[in-house]
Amino acid sequence: MSFDARPTDFSAARIRETVQEILGAGILPSIVQAGHPVLRHVAAPFEGQLSDAELGHLIDLMRSVMHKAPGVGLAAPQLGIPLQLAVLEDQFAVDPDVAAVRGREPLPFFAMLNPRYQPVGSGAVAFYEGCLSIGGLQAAVLRPESIRLNFTAPDGTELQRPFSGWQARIVQHETDHLRGILFLDRAELRSISNNAEYASRWAQPDITRARQELGFLPDPTEF
């Protein structure tokens, strides 16, 4: 039985069955696209539904899918698995001017279970984002600039880590996936652009020009 047949069955047995099907297929799975119910439900907290070996193999598989896409994060629901698990890594080469404005620094690979975050301070900033589950679109999203993340590591260790800049944005985006939230839910709708228009018009380090020409509110704190 495919997961599609029972999109709201988040039982431990069903989650494990789904993971075993994916791991046993011998190929990299496709990324679930917007419109699939699994992307719109709060995923089940990880509570030992998988063995250590299964969890490790799933994390490795998710990392491979993320790299192939390519992307900087992937949540388990994006593979049709309603489990609070995500992998993150950002090692892309970025123009130094863009990196400076966006606060984009390399993010070493890590996996997080049952993540939750709190904003640190009142600073917020808007930049364009995309999503592997919403192919072809980019949009500006206002997010806290700095956060404190609490999560469980794959070995069961409870951790707390601070993040800021682009790293904080990635963490928030992936944590949203585990809450049934897509980035367009938080986006400034007038900013939505397809990838070609974004690349040719709005790929500047910040979104000032896009805000002016597409008619965003002039003050990003008013989003």
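Cβ coordinates come from backbone N, Cα and C, glycine included.
TrEMBL annotations:
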type	residues	note
BINDING	C131, H173, H177	Fe cation binding site
ACT_SITE	E174	active site
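In sequence order, G73, A75, Q78, E129, L132, S133, E174, D176, L182, F183 are the same-chain residues whose CB sits within 8 A of the CB centroid of C131, H173, H177, the residues recorded for Fe cation being left out. The Cβ of H177 (Fe cation binding site) has 24 other Cβ atoms within 10 Å, all protein chains considered.
Distance between Cα atoms for the residue listed as 'active site' and C131 (Fe cation binding site): 10 Å, as a whole number.
The Cβ neighbour count for C131 (Fe cation binding site), using a 10 Å radius and every protein chain shown, is 22.
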